[in-house]
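Lifted from Swiss-Prot, the feature list:
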{"type": "SIGNAL", "residues": "1-23", "note": "signal peptide"}
{"type": "DISULFID", "residues": "C41-C80", "note": "disulfide bond"}
Amino acid sequence: MSAFKKSLLVAGVAMILSNNVFADEGHGIVKFKGEVISAPCSIKPGDEDLTVNLGEVADTVLKSDQKSLAEPFTIHLQDCMLSQGGTTYSKAKVTFTTANTMTGQSDLLKNTKETEIGGATGVGVRILDSQSGEVTLGTPVVITFNNTNSYQELNFKARMESPSKDATPGNVYAQADYKIAYE
């Protein structure tokens with residue numbers, strides 16, 4: 001093979017390889033977020049912003065029974081150090097609050113989709129404790145830790161309700177904030 005052909009071959013291979021080096025075959029950005037909190041337990045990633053799917057409930061159920069079946073949800077605590085600095089923690093106090101309650105129903109979360117096109121009316125969302133007792137918004141629910149493990153579960157439920165039995169079909173969305181205190 002002549003020197004010219006060898007040079008041409010080397011140049012061709014170099015061009016092919018250089019195209020792969022400079023070709024953009026996909027790119028993106030990875031963002032990381034978190035927060036350091038002063039507490040004996042960490043909240044499991046993803047549980048700081050939960051979504052509870054209450055499903056599709058027939059309006060006839062809400063008009064007759066006034067309530068849907070309750071759907072469970074859990075706030076998971078991890079990396080718990082329940083004994084530290086002479087203090088032992090045996091309970092979590094979870095307080096739910098909201099700026100939007102149904103008129104005349106201070107413990108029923110308002111459907112904020114109610115005023116939008118396609119929003120259900122006459123429907124709110126009720127938070128329940130693990131035993132299906134109604135949670136009073138703004139009042140702590142005390143949960144005793146079941147052991148001294150570093151992993152704990154705070155179990156609750158939620159359901160749709162129509163106290164006036166006049167629910168209309170449509171989308172339902174409600175929101176509550178929660179805070180955890182330890183004792």
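Backbone N, Cα and C atoms are what each Cβ position is placed from, and that goes for glycine too.
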Original post:
Taking the Cβ of C41 (disulfide bond) as centre, how many other Cβ atoms lie within 10 Å?
Top reply: 22
Original post:
Under a three-state reduction of DSSP output, how is C80 (disulfide bond) classified: helix, strand, or coil?
Top reply: coil
Subject >> Secondary structure of C41 (disulfide bond) (DSSP, helix/strand/coil) >> reply: coil
